[in-house]
Amino acid sequence: MKKRRSSKVILSLAIVVALLAAVEPNAALAAAPPSAMQSYVEAMQPGWNLGNSLDAVGADETLARGNPRITKELIQNIAAQGYKSIRIPVTWDSHIGAAPNYQIEAAYLNRVQEVVQWALDANLYVMINVHHDSWLWISKMESQHDQVLARYNAIWTQIANKFKNSPSKLMFESVNEPRFTDGGTTDEAKQQKMLDELNVSFFNIVRNSGGQNATRPLVLSTLEASPTQERMTALYNTMTKLNDKNLIATVHFYGFWPFSVNIAGYTKFDAETQNDIITTFDNVYNTFVAKGIPVVVGEYGLLGFDKNTGVIEQGEKLKFFEFFAQYVKQKSISTMLWDNGQHFNRTSFKWSDPDLFNMIKASWTGRSSTASSDLIHVKQGTAVKDTSVQLNLNGNTLTSLSVNGTTLKSGTDYTLNSSRLTFKASQLTKLTSLGKLGVNATIVTKFNRGADWKFNVVLYNTPKLSSTTGTTSSFAIPTAFNGDQLATMEAVYVNGGNAGPHNWTSFKEFETTFSPAYSEGKIKLQQAFFNEVNDTTVTLKFQFWSGEIVNYTIKKSGSTVTGTAS
């Protein structure tokens, strides 16, 4: 459980009560005493996913998903980063023989065992599962019940036998993100009944397979790994029925959807996005942990990362990860970062975004400080003014600010009034004196605990878009970004109504419908956007992080698109 720190030795009882209420909004629900399995799950923290390798949809782990072949050195380097557990997703579909035996290729099963052993040798807790099989064929269970169940049972019979003598630091997850809609049903109760049948069958197969499997930790997922209350309650009922002390519940979490993909104007880590974390994990805690069932978040991240990690602005993304990590820690829930190759390079063993990893790593031991923004904008050709930001100190104390190793002077270069940090106009003028559009300097802010927070000082001018023509499959607006960065785009028909996909909002999904190409000097409008745009005129509003808004008009006629600058 996360402990709050205070610089005061004595606090009034009223303040103590208020703090406890803030930390435990559902504290009225008394928690069950910690179990051995709860201690096991807490020892797994932090965890990492070896995504898009053995779970590749295809016959070769290196071909279908583009990642290099797993090496022992990779596993050792993950352990060296401080991770205590690893989830190794495995897709079996292309490696299973025909009915009735559904024999798994010996070479593939041995390969899985090899990777598992490397992880165990690195002193990691290890989770293996049945991964993309969930949507490849298990999802057809309603229409192909007997075949799916026989195949599923055969897989787990062979896995259980292969690993029955492995130590208890190896756990089995029954199925990843189980779903059954390909069978024809969308009925929640029917889907839950099929999942319950799979989970119970999995449980019985493993428990009756001998060796260490009689007590091996088993991980059971909600329907689609979703943390909705209905689905968690259903899983709780299944686990209660099984009455086994070595069970772990799992859900996945990718944040409040509009923020996670950058749609509907949710460009910032705001109160609604934060409250989504609070509500979700209060419910997870009260459904499972408080009743003696430990929980691991088997995957977490942001959905926009599937496109690229720049879909969410850097500072906003850091605030999400910081708050998420500390809140689930309060709830005694362990987490496993989803990494399909976008975070930790599997040959150089370097993080693609060291600042993101530093924020995640700092969360393992405490809280980090953040700010209302990580961007300080100075408009070219205008009088520079003092600029203030709000610090989210999170119980910490600011210790220094520096640029390129030179410490800034309090009172001269900046002032700090409680948690309000003000950068003086004289310092901002100095930092942007070269007149280069874009990031001119990075102010590194250090605190007594946690990760550093970096402010990028940006010199910008109003972005300029130019008229152009193109097609629905290839349309790019020539853009002079002038040091600014794009936050979002609105699309509205001139005659009224929202244009493009998700027409319940005028703000379109970043990268899916539009994409800034800074190095090319373009804003690309994607085919997916035009697929749902009528043949008429659309007004676009491009909103930038400086606060600038630039209007643009497009006219679609069949596959032809004409763009006109305002």
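Cβ atoms here come from the backbone N, Cα and C positions, even for glycine.
Marked as signal peptide by Swiss-Prot: 1-30.
Look at Swiss-Prot and you will find Glu177 tagged as active site, proton donor. The secondary structure of Glu177 (active site, proton donor), as reduced to three states from DSSP, is coil rather than helix or strand.
Swiss-Prot lists Glu299 with the feature active site, nucleophile. Glu299 (active site, nucleophile) counts 23 other C-beta atoms within 10 Å of its own C-beta, drawing on all protein chains shown.
Here the Cα atom of Glu177 (active site, proton donor) is found 10 Å from that of Glu299 (active site, nucleophile).
Of all Cβ atoms in the protein chains displayed, 20 besides its own lie within 10 Å of the Cβ of Glu177 (active site, proton donor).
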